[in-house]
Each structure stands twice: as structure tokens, then as C-alpha cells.
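This report concerns only the one structure given below.
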Amino acid sequence: MARRYILLLVVAVCLSGIASGQRDHPRGRSFDAESHPIKHAEEQQTQYWVDKAQAKLLSKLAEEQSATTNKAKNVIMFLGDGMSVHTVTATRNLLGDSAEQVYFEGFPYTGLSKTYCVNRQVADSACTATAYLGGVKANYGTIGVNANVSRYSCDGAANEEDRVLSIAQWAQAAGKDAGLVTTARVTHASPAGVYAHIADRNWENDWEVANGNCDPEQTIDIARQLVEQPVGQQLKVILGGGRKNFISTTVNDEEGYPGKRTDGRHLIRSWLDQKKEANVSAKYVWSRKGLSQVDLENTDYLLGLFANDHLPYNGDRDRKRSQLADPSLSELTEAAIKVLSRNDKGFFLFVEGARIDMAHHDTFARRSLEDTAEFARAVQMARELTSEDDTLIVVTADHAHVMSINGYPYRDQEITGLAQLADDNLPYTILSYANGPGYYSGYNRAEGRALLKEKLVADSDYRYPTLAPLDAETHGGDDVAVYASGPYAQYFSGNYEQSNIPAMMARAAGIGPFA
């Protein structure tokens, strides 16, 4: 009897294990395996992987021996807004294959940073900007102030002891030049961290301040801070979008769009008047053509506002054939470096690929990956224009997103396409989101889950499916990667607070409070 009981128990455990294994790794109803042959035959051989590991070991030994401890003359920080680790991984496939490297993944040192705000587990682009540019963690929605300042506090930035100075200010104080490049409005949360101190990221113009029940003459909006306050005034390069925050509602910009200001100020003219009074060479441009006509090597100050709002998605530049009108991030980066390189003491440059994040919020996964690919091209442009001996380049993100890569797709399937069939005999996408506006792309109340087809998901306007419906997809609370190349790049390995990043950049350059 005892033997029979033990035998039954063993059988039950075995069956349970098999069932459990099926649950852990569901096979799904796959597409035809014969149509997906092995993409790289050499990967079937053991020696291929041994050789690959040996090559990595040799490169690591070389890096260790050549770690640069020269002072960094120049520091360039690249910020892929919302560029989660999943986003970088998916971009590899968009570039051709999972074994590809996004350019900056080849940098010798990689780390992870913790992105939380003082009062939120999942951060926004405002509190994170204060962390990675100023070295201090802050409250959600605030820029350039510490956590003593609560969001929407009209006089929150009035106390000097609560203001957080950025690494751009540290560079300027050391005699270096500073600048910023972004595909967002230049007054948006991330670039504003370079120069602004404000209790609400949305206060980009005076109307927004008044709408927040504050006095615009006391609570100075972000656009005015850029043009009127010391750090912003001294920025040698400002390239991005957002003309509407610099001109009045009664004035149209060069493309016929009205401004948002209600105080009558024309801040673009104010900027030009300042430079004329200072007797320096200054250029304002609003188009790619205008930028191409600037003598960058003989220009002291460059202001480029290339859109009334944000710049277009990079993939849309190709699809809508606007490459001749709209500059790419890599073109803007090149222009900025050429202007800033005129200073023999060096420079600090902040470059943001902003629309990676915005595409994620709309669950436009394809657009997000396309912008990540262009962001990588901008990093490559910067690395090729500078020397690893004297220029530190740090690439990171401010926060993650809730996009995941799922299913068991074959290597040759496009990452933006469909995975296997689910238990309901309907396919699902390889990329999907935990929440966002794509909820109704994959589900409707009448029929349940929608029948998705490759042609549908190939459209750049397709919103990828989500688990929960929201007007906009949220950020993710994951740690984000940090990639570094150049002097003291070895500082950036390991896991650390996001607020440590400017301290390490400043130490490498010998500037600011961490010199």
C-alpha cells in the first residue's frame, strides 16, 4: 500500500512538473517554423560563441589598460528621453538583428541609475532633469529646485537656498561654454533643467503661469528664464523647437502659427537685441536651410527654433519627405559642437532625443524605435567629431516606459510585427504596453480581442495594444542604463543614484562643487 502511494505521488509530481513547465514556457500556436530558417549559420557552432567571448575578454583587458584619467576638456551628455533598456533592445532588431549593437552600446563602460523622485516611485522628466543635471533629487513636476519646493508653489523658486544649479552653470563658471540641443520645445522639462528654476514644468510661458493662479511678473516663466537669467543668457547654443513660448498670441511665427504669450513680449527679438548690445556675433534661424547658411566657425551665439511646438518624429521626416525643411538630431548636434568647439577651455553640451518618450506615450512603438536609432546616430556624430582623450560622452535616459518585448518570435521576424497565436487562436504583437491609448487597438467590447494583421501593425500610426486604457501611456520605474566613453568613463559603471551622474561628470572635468 505504501509503495502504491509513493508511486502515485511520484507520478503526480512529475505530471505537475510537466504542466508547470508548459505554463512557464507556453508554446503558443506558432507560425510556420519552416519559413524561419536559422538566420546566421555560424551561430550553430560552439566555436563561434567561444571566439566571441574571447574577443570580449580581450577588449575588456584593453579598456582596463587604457582607462583615461586625463581631465575632460569637454563633456557631452546625451539624454534619450524615456529610452528604457527594452527600447534599446528593440532598436537593435529594428537596425537588423538582435545581435546588432546600437552605437553607444559599444562604449566601454555601462551602469544603471535609479530614477525615482523624492515623492514618487515612477519619475517624470522634470524631477529627473534636476537629478542628472544638478545632482539633487526633487519632487515630481518641479525643475531646478530641491524637495523643499512643492509643485505649483508660486514662490517656490524664490529662495536661493532651494535652487539647484546645473552642470551648465558649473561649466560657465569655469570659463567653459555651454549649450543645449533637443527635439522638443527648448522650454520643455528636460532642456529646462539646464537653466531654469521653477515649481511646475508646465509654466513654459506667462499664460501658463497665470493659468496656475500665479503672477507672471513674480513667477518668471521658463522661456523668460532662458532669455533673461544668467545661465540661459550665456548659453552659446540653443537648438530645438517651441517658438510659440517666445512670441505673443497676436504674432505669427515664420510658418504662420501664433504664439502663446499674453504679456506682449517677443523674446526672440529680446535675445537678438541683447547680443547686439553685447557686440557679439549671434544668429537666429528657424529652418534647416537657415542653419545650413550659418558660418558656424565664426558665430558666438546660435539660437535655432525649428518648430512652433516640438520637432517632428525622425521617421516622419522620411515618410513626409520633410528632410529638407526639418533638421535631424544628428545635424543639430554637429552644428552645436562646431560652435562650442571655438572655446579653448572646452564646453558642456546637453543633447536630448525627446520624441522617443512622446512616441511611447502614444504607444507608437515604431516611431519610438526610429527616434532611438537617430539618437544613436547623433551620439556617433559627436564621438567622431571629438577625441576620446579629452571629451567625455555620457549617454543615458531620464526614466523608463512600460513597453515590453514578449512571445517567442523568430530571429528574422520584425520586432514591430506579430508574435505567435495565443490560446484564443489570435495573434498578438511582439511589443506591447502595460497601459495607454492603444487599448482599443487590440480589444473591443463587441468581439473581444481583435484580429491583428501584419499590414495593420506595419503602419507608423498604429497604436500598440495595452493592458489598461489610458489617454497617455505612463513612464516605468525601472533603472535605466548609462553608457560612457572618454576621460573617467570608468566612473559610470555599477548601480547608483541618478543624482550621482552630474557629480561624476563634473569630477571628470574638474568643475563645480565636485572638482
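Every residue number used here counts from 1 along the chain in the order it is shown.
Backbone N, Cα and C define each Cβ position, glycine as well.
Automatic prediction, not curation, is the source of TrEMBL annotations.
Over in TrEMBL, the protein carries these features:
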- 1-21: signal peptide (SIGNAL)
- Asp81, His188, Ser190, Glu352: Mg(2+) binding site (BINDING)
- Asp81, Asp357, His361, Asp398, His399, His475: Zn(2+) binding site (BINDING)
- Ser125: active site, phosphoserine intermediate (ACT_SITE)
For Ser125 (active site, phosphoserine intermediate) and Glu352 (Mg(2+) binding site), the CA-to-CA distance in whole Å is 11
Nearest by Cα to His361 (Zn(2+) binding site), of the binding-site residues Asp81, His188, Ser190, Glu352, is Asp81
Nearest to Asp398 (Zn(2+) binding site) by C-alpha distance, among the binding-site residues Asp81, His188, Ser190, Glu352, is Asp81
Note: in the chain of Asp357 (Zn(2+) binding site), residues six or more apart in sequence with C-beta under 8 angstroms of its C-beta are Asp81, Gly82, Met83, Ser125, Ser368, His401
Here the Cα-Cα span from His188 (Mg(2+) binding site) to His399 (Zn(2+) binding site), rounded to a whole number of angstrom, reaches 15
Other than Asp81, His188, Ser190, Glu352, the chain contributes near Mg(2+) (Cβ within 8 Å of their centroid) the residues Leu79, Ser125, Ala129, Thr182, Thr183, Ala184, Ala189, Pro191, Gly353, Ala354, Asp357, Asp398
For His399 (Zn(2+) binding site), the nonlocal same-chain Cβ neighbours (under 8 Å, six or more residues apart) come out as Gly82, Ser84, Thr115, Val122, Ala123, Asp124, Ser125, Thr128, His475, Gly476, Gly477, Val480
His188 (Mg(2+) binding site), Cβ-centred 10 Å count of other Cβ atoms over all protein chains shown, is 28
Cβ proximity for Ser190 (Mg(2+) binding site), under 8 A, sequence spacing 6+, ordered by residue number, returns Leu79, Asp81, Ser125, Thr128, Ala129, Thr182, Ala184, Glu352, Ala354, Asp398
Across all protein chains shown, the binding-site residues Glu352, His361 give the max Cβ-within-10 Å count at Glu352
